[in-house]
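Feature annotations, reproduced from TrEMBL:
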type: ACT_SITE; residues: E202; note: active site, proton donor
type: ACT_SITE; residues: D341; note: active site
type: ACT_SITE; residues: E459; note: active site, proton donor
type: ACT_SITE; residues: E522; note: active site
type: BINDING; residues: T608; note: Ca(2+) binding site
type: COMPBIAS; residues: 56-69; note: compositional bias 'Low complexity'
type: DISULFID; residues: C416-C445; note: disulfide bond
type: REGION; residues: 43-76; note: region 'Disordered'
type: SIGNAL; residues: 1-27; note: signal peptide
Amino acid sequence: MFTKRYRIVALVLTLCVFFLINRQLQASSSSRSRLILDDPLGTEEEKPQQHPRPANNNNNNNNNHNKNNGEPFNWANVPQRYPISSTIPIPKTNPKSIPTIQHRFREESDEARRVRIARLEAVKSNFTHAWGGYKQHAWLKDEVAPLSGKAYSAFGGWAATLVDSLDTLWIMGLRDEFEEAVEAVNYIDFTHCSLKTINVFETTIRYLGGLLGAYDISGAKYPSLLNKATELGQMLYAAFDTPNRMPITRWDVKDAMVGEGQEEAGDTALVAELGSLTLEFTRLTQLTGDPKYFDAVQRVMDVFAEQQSKTKLPGLWPIAVNAKTLNFGAYGGFTIGGMVDSLYEYLPKQYLLLGGGSQQYRKMYQDALVAMKRNIFFRPMTKGGEDILLPGDVDSNGQTHVSLLETKPRAQHLSCFSGGMVGLAAKAFNTPTDMDTAAKLVEGCLWAYESSNMGFMPEIMHTVRCDDRDDCSWDEAEWLRQVDEAYSSTSAASSAIEKAKIHNLSPGVTKIDDPKYGLRPEAIESIFLLYRLTGNPALPHRAWAIFQNTIKYTITDIGHAELQDCTDTRMEKMDRMESFWLAETLKYFYLMFEEPGVVSLDEFVLNTEAHPLRWRGVVED
Ligand SMILES: *[C@@H]1O[C@H](CO)[C@@H](O)[C@H](O)[C@H]1NC(C)=O
């Protein structure tokens, strides 16, 4: 899963850490830190329910099966083994101190409106198609399998797709469906889990984020959503009950319910899972007035802040850290892609959610951005000579000067969130020159889509990196040399040109490490954000082309399916549709064609599962 060429110095350490990470990752996927699962699906082959309905008919005791002296189990009553002695208060917000985020869009022509509405309807009908498949085949289960119609429970069995889709239903104006789903939320039982261990991060971004996003976007008119979010928040808070108050990221809920199990945070924690819980916990404190949730995540972020200059690449945090000893400086692998991504994404967003009330997140982001510009972003060599950027990876041994480290041109689809992040931060922090960088990053992912043979950026690929960002003219021989090298052992083909053809490499791509298209949102997420930030009128048209192409290849009778190989038309679809397809990908496509006032970035921050959390009231102009 990682590039084969390690630096010799880092070899031993890297392998040890990878071994540990791999072991940790076997049982679950993660969202932004999502990886491919080995045995992902607690497959339940349930009989399809003809009439979608809440589970009350056959599950009378569902809410109360965990009796505790006759009372339903309540996480709020579980005593903390390592209680805090003081609470960090949530800072006072000052949202007026933050500049206007969105571009001021001019009024559109009748013709432009007609085109836009037609596209909006096409996205919506694809959403209702997939939502209908979920309702019919997997109601109240985590996922519907889009080919077989099976029901999967890979995320605890708490109706992941339903909770993840709530705010999309609202945004698309599907009010009856929304209310039916809100009603069904009452039947989710967080004291009963389909898995041995849950991923605290996934549970936070999908479920807690989903409930809070639905509550916020519907104008706080459905209090049951906040009650359910609080119930879940009480549970997740128990994962922070460790001696150093760092959360246990892969957490055995059943053990914890009886006060047993792991007591300390792990020695190999993925930074995305540790460091991107802030938005959801902060919003829960803001909405409930209970300070403990913000306190819990602020303690974690204080450690990240303190460790930021002590890593092997100061400014950035490595993929894995020791959450038990709080040593963040051991591992030397750096990326902003899988296993890391939302850690960075949440810094400017947390600044917004706190209404500019804390400068800590601004500083952390800006220190990280300096290192990203230097060591992560690179210019790929393209045939058309486009001046674009992609995020790569870098290893550091902590000794080599940071200006001499070599960026590996390994581009992940997951990293495509970065254009949106840099753009949003450029507005929030009033650093307009960074919008250039944001646009180049978005163009990098657009290039990956638009130049590929089937119109998709694969999960992971390599390109040719130009050492000089200002001098990057096309060098066909160099591209072919790198293709030849990348496939030296795996391909029987004789010439590099043949290798490129066999592996469906478009010019500039030297290797496709993972050819999957996972219905992922990151590219459209950043295109959407850049559009709302800059108003660039070409973006909706390019997004529409990507949408049509995506639907063409992924649609099934039940929903939409991941592609095993998005560079090969003969390859079959996979039987998986993760909840983020409805929560994120289709929501971003929809918002691309909605009026800019709908889910305005001046009122909402979107968590890493695209759930809108309110940070500012309606702006008076
Ligand atoms: C899905 O989107 C396509 C456009 O790409 C459109 O033609 C189609 O009608 C939409 N709806 C469904 C259910 O396919």
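Glycine residues also receive a Cβ, built from the backbone N, Cα and C atoms like all the rest.
Where the annotation comes from TrEMBL, it is an automatic prediction and has not been curated.
Bear in mind that the values here come from a model prediction, so they are computed numbers and not experimental data.
For the pair T608 (Ca(2+) binding site) and E202 (active site, proton donor), the Cα-Cα distance reads 10 Å. With the fewest other C-beta atoms within 10 Å around its C-beta, E202 stands out among the active-site residues E202, D341. Counted within 10 Å of its Cβ, the other Cβ atoms near C445 (disulfide bond) come to 28, all protein chains included.
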